[in-house]
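The structure appears below as C-alpha cells.
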Amino acid sequence: MAAVGSGGSTATAGPGAVSAGALEPGTSSAGETVWLSRQWRAGAHRRLKYISLAVLVVQNASLILSIRYARTLPGDRFFATTAVVMAEVLKGLTCLLLLFAQKGNVKHLVLFLHEAVLVQYMDTLKLAVPSLIYTLQNNLQYVAISNLPAATFQVTYQLKILTTALFSVLMLNRSLSRLQWASLLLLFTGVAIVQAQQAGGGGPRPLDQNPGVGLAAVVASCLSSGFAGVYFEKILKGSSGSVWLRNLQLGLFGTALGLVGLWWAEGTAVAHRGFFFGYTPAVWGVVLNQAFGGLLVAVVVKYADNILKGFATSLSIVLSTVASIRLFGFHVDPLFALGAGLVIGAVYLYSLPRGAAKAIASASAPTSGPCTHQQPPGQPPPPQLSSHHGDLSTEPFLPKSVLVK
C-alpha cells in the first residue's frame, strides 16, 4: 500500500515495511480530516482577501465621491470643520464600545482606561502630534475635493506614496529598491500630466472652484500624510496597546484639536448658524463613511498583502473616474488617461515585493549555463534570508486618522 506524504506524494513501502496506517488504525481518516481542514482554511483566507479588496476599493472611492457630491450640492453648504469633529466623535465612541465588549463590564473598562490613558500618560501624549496632523489633513481633504474633480483628486492624492517613501528614507533610514525609485518617478510624472491637463482646461468647472487652491491643499495633505505615518511608526514601534485603544486615543485628541480648528476657522459662523447647519443625508453619509469606513478597513486590512492594497488603490482610481463621468459630467481626455495610467502603473510597481524586480530580471535574462550549485539529495534547502526591512508599501494605502497596526 502506498503511504501518502505531507506533500501529497506517494511512496511504495519496501519489503518488510509496515505502513503508518497499519500501525495506527484510523490514521488515514485523521489525515484526510486535517487535509480537508487545511483546504477549508485556505479557501476561507482567499475569500477574506477578496472581501478585503472590495472593502478597500469601496472605501477609497466612496469617501472621495461622497465628499465631492456633498460639497457640490446646491443650497446651504455645511461646515467642513464640524464634519471632521463629528467623524472623530463617532470613531471614538465606536472604539469605546468595542473596548467595553472586550472587557465585559464598566468597572473593568474604567480601570483599563485609567491605566492605559492616564497612568501611562506619556504613551498617550505620543499620539498628540499624529492626531494633530491627521486632523489638519482631514480638513485639507475637504478643501481639495471642493476645488478639484473627484477623479483628479484621486490621482493626485497618490503623491502620498512618494511623501511616505521619502520620509521613511529620511526619518527611518530605510532603503528603496531601484524598482521603487523608478515607480516614484513614474508616479510624479503621471500626477504632473494630470495637473497639466487640469490647468489647461479639463472641461468646464463651477465658478466657485479654484484648481490652484485644490492642488495646494492636496499637496499639503500628502505631505502631512507621509510625515504623520512615518512619525507614528517611529514613536510607537514596540509599544503595547490594542488597535481600538490607539484609535480611541486618536479620537480623543482628534476631537479636541478639531474643535480648536473649528473655533479658529469658522467659529463665528458656526455660532451664528449652528453646528449642524447644512447637514443633509448626504453629509451624514460622509461623516459615517469617515468614522466607520476607516475602522472597517482596519479590521480587514490584515488579510490584504501589499499587492492587493496597491491593486485596490488602482481600482479605486478607475471607479472614481467612471463615477465622476456619470455623476459630475467629468471629461476624460487623452492627457488625463495617460497620466492616470502612469499613476496606476506606478502604484502597482511600488507595491510589488522587494525581490520582485530581481525575480523578473532573472526570469528574462538568458542563462549562461547550468547552475554550479546543487543541493545534496536528502538534505533540506538552506533557509532563505529575508531582505525585508520594513513595510514601505502599506502606509500609503491605508485610511488616515485610523490606526490599523
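Cβ atoms here come from the backbone N, Cα and C positions, even for glycine.
Bear in mind that TrEMBL entries carry predicted annotations, made automatically and left uncurated.
Since this is a predicted model, take the numbers as computed values, not measurements.
According to TrEMBL, the features are:
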- 9-22: compositional bias 'Low complexity' (COMPBIAS)
- 1-28: region 'Disordered' (REGION)
- 365-405: region 'Disordered' (REGION)
- 48-67: transmembrane segment (TRANSMEM)
- 79-101: transmembrane segment (TRANSMEM)
- 181-200: transmembrane segment (TRANSMEM)
- 212-232: transmembrane segment (TRANSMEM)
- 244-264: transmembrane segment (TRANSMEM)
- 276-301: transmembrane segment (TRANSMEM)
- 308-329: transmembrane segment (TRANSMEM)
- 335-352: transmembrane segment (TRANSMEM)
| query | Does the transmembrane segment (276-301) reach the transmembrane segment (212-232), going by 3 or more CB pairs under 8 Å (6 or more apart in sequence)? | reply | no
| said: At a threshold of under 8 Å on Cβ distances, which of 48-67, 212-232, 244-264, 308-329, 335-352 pairs most often with the transmembrane segment (79-101)? | reply: 244-264
| task | Please indicate, using numbers and ranges, the residues of the same chain that are 6 or more beyond the transmembrane segment (308-329) and have a C-beta under 8 Å from a C-beta there. | result | 49, 52-53, 56-57, 60-61, 64-65, 68-69, 72, 149-151, 154-155, 158, 203, 301, 340, 343-344, 347-348, 350-352, 393-394, 397-398
| task | Residue list, the transmembrane segment (181-200) vs rest of chain: Cβ under 8 Å, 6 or more residues beyond ends. | result | 148-149, 152, 155-156, 158-159, 161-162, 165, 211, 215, 333, 335-336, 338-343, 345-347, 349-350
